[in-house]
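J.: Below is a structure I'd like to ask you about.
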Amino acid sequence: MTVTDSAFLKACRREPVPHTPVWFMRQAGRSLPEYRKVREGIAMLDSCMRPDLVTEITLQPVRRHGVDAAILFSDIVVPLKAIGVDLDIKPGVGPVVARPIRSRADLDQLRPLEPDDVRYVAEAIGLLTAELGDTPLIGFAGAPFTLASYLVEGGPSRNHEHTKALMYGDPELWAELLDRLAGIAGAFLGAQIDAGVSAVQLFDSWVGALAPADYRASVLPASAKVFEAVAGRGVPRIHFGVGTGELLGLLGEAGADVVGVDWRVPLAEAARRVGPDKALQGNLDPAVLFAPPEVVAAQADRVLDSAAGLPGHVFNLGHGVLPTTDPDALTRLVAHVHERTAR
Ligand SMILES: Cc1c2[nH]c(c1CCC(=O)O)Cc1[nH]c(c(CCC(=O)O)c1C)Cc1[nH]c(c(CCC(=O)O)c1C)Cc1[nH]c(c(C)c1CCC(=O)O)C2
């Protein structure tokens, strides 16, 4: 076995698999007591800059759950911090930006990302690939729209009103902002591929707030530029957002090899929307993990049944692991998916 032959990479390439591979968005994090222990007294962004901690935290869910892939412990705002944007991650809140970007002058905060800006990430990836053996490591970046939302709003937002005001009100400035963010995200993914990750995921978590026509006109070109920056590198590209049922076809069109699906659209229907030449990832509702074990198993089977016959399914949740999830429920779910799909 090598990483290349792993069930996860085979599923991304839509090749036959020994079992359906499974990993979880936010598998490294607050649901694990061993995570809370190593993070004690260390700020989130500081922990992302320490290769020893990044390595330990990334490995924790692999050891505990036996998932088919690791995801680098980092955050979508790490490359922004690395180029000098004044921001922090506030516990229980999320990324908070000191000087929101609302005018052309504010764009000065965004210079291009150089590999040296994130050398601690490359160092962590080197340590990780040595430890992980045959288990693939997924790198990631935030997509231009989702990064723009944090930068324009100044923090997490329910309605993205300032973001949309800029997008509709000053299309030229908006395009320039998204283009700069696309350059940063593409460079961040490129640095992770150079360092040895086996796949990359572009998180456009909040883009489900847009209508398809606006996505196509105002966001797709920037996300396509990110995927283009890492095309032809032999590394599958995954594209994910929440509430994107109406955008699934466009998320694929932007240049992904694998399209992530939240829990609102069954995978068989998602496959029709995405088209025949892409794999799918998803899509168990993360809240289902709070139900009794037999219910979790039955709901997982519903996901697997919907994906039956599709070439290329990576089992995942429809969004990240919720912080108060019982880790044993995740371990049982991995075992269940593996047993149910063993060929
Ligand atoms: C939108 C977004 C962010 N960050 C990320 C996204 C896209 C994924 C998604 O939609 O969930 C991506 C991310 N953030 C983190 C990872 C690690 C890898 C993984 O296990 O998935 C990944 C892939 C660690 C983290 N990033 C963050 C934490 C929690 C911080 C802590 O443990 O103190 C972790 C483990 C902080 C963060 N950073 C962000 C949010 C919304 C938060 C949570 C705020 C909170 O509730 O405390 C921005």
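Every residue, even glycine, has its Cβ placed from backbone N, Cα and C.
Sharing the feature lines straight out of TrEMBL:
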type    : residues                                                         : note
BINDING : ARG26, GLN27, ALA28, GLY29, ARG30, ASP75, TYR150, SER205, HIS319 : substrate binding site
DOMAIN  : 21-30                                                            : domain 'Uroporphyrinogen decarboxylase (URO-D)'
DOMAIN  : 138-154                                                          : domain 'Uroporphyrinogen decarboxylase (URO-D)'
SITE    : ASP75                                                            : site 'Transition state stabilizer'
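If you look at the structure here, what lies around each of the features I listed?
T.: For the recorded site, ARG26 (substrate binding site), the DSSP three-state label reads coil. There are 17 other CB atoms within 10 A of the CB of ARG26 (substrate binding site), with all protein chains counted.
Within the same chain, residues 6-8, 10-11, 36, 57-58, 60-61, 65, 67-71, 73, 138, 240, 314-317, 319-321, 323, 330, 333-334, 337-338 sit at least 6 positions outside the domain 'Uroporphyrinogen decarboxylase (URO-D)' (21-30) and bring their C-beta atoms closer than 8 Å to a C-beta of that stretch.
Residue counts for the domain 'Uroporphyrinogen decarboxylase (URO-D)' (138-154) under DSSP (helix as H, G, I; strand as E, B; rest coil) come to 10 helix, 5 strand, 2 coil.
For the recorded site, ASP75 (site 'Transition state stabilizer'), the DSSP three-state label reads coil.
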J.: Please list residues from the chain of ASP75 (site 'Transition state stabilizer') whose Cβ is under 8 angstroms from its Cβ, counting only those at least six apart in sequence.
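T.: Spatial neighbours, sequence-distant, of ASP75 (site 'Transition state stabilizer'): MET44, LEU45, CYS48, ILE89, PRO95.
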J.: Using a 10 angstroms cut-off on Cβ to Cβ distances, just flag whichever of ARG30, HIS319 is the loneliest among these binding-site residues.
T.: ARG30
J.: Would you mind pulling the longest C-alpha to C-alpha span across ARG26, GLN27, ALA28, GLY29, ARG30, ASP75, TYR150, SER205, HIS319, which the record has binding substrate, in angstrom?
T.: 23
J.: Among all the protein chains here, how many other CB atoms are within 10 A of the CB of ALA28 (substrate binding site)?
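T.: Cβ-Cβ neighbours of ALA28 (substrate binding site) within 10 Å number 23.
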J.: Just to confirm: which same-chain residues, 6+ apart in sequence, have a Cβ under 8 Å from the Cβ of TYR150 (substrate binding site)?
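T.: Same-chain residues close to TYR150 (substrate binding site) (Cβ under 8 Å, separated by 6 or more) are VAL77, LEU87, GLY94, PRO95, VAL97, PRO156.
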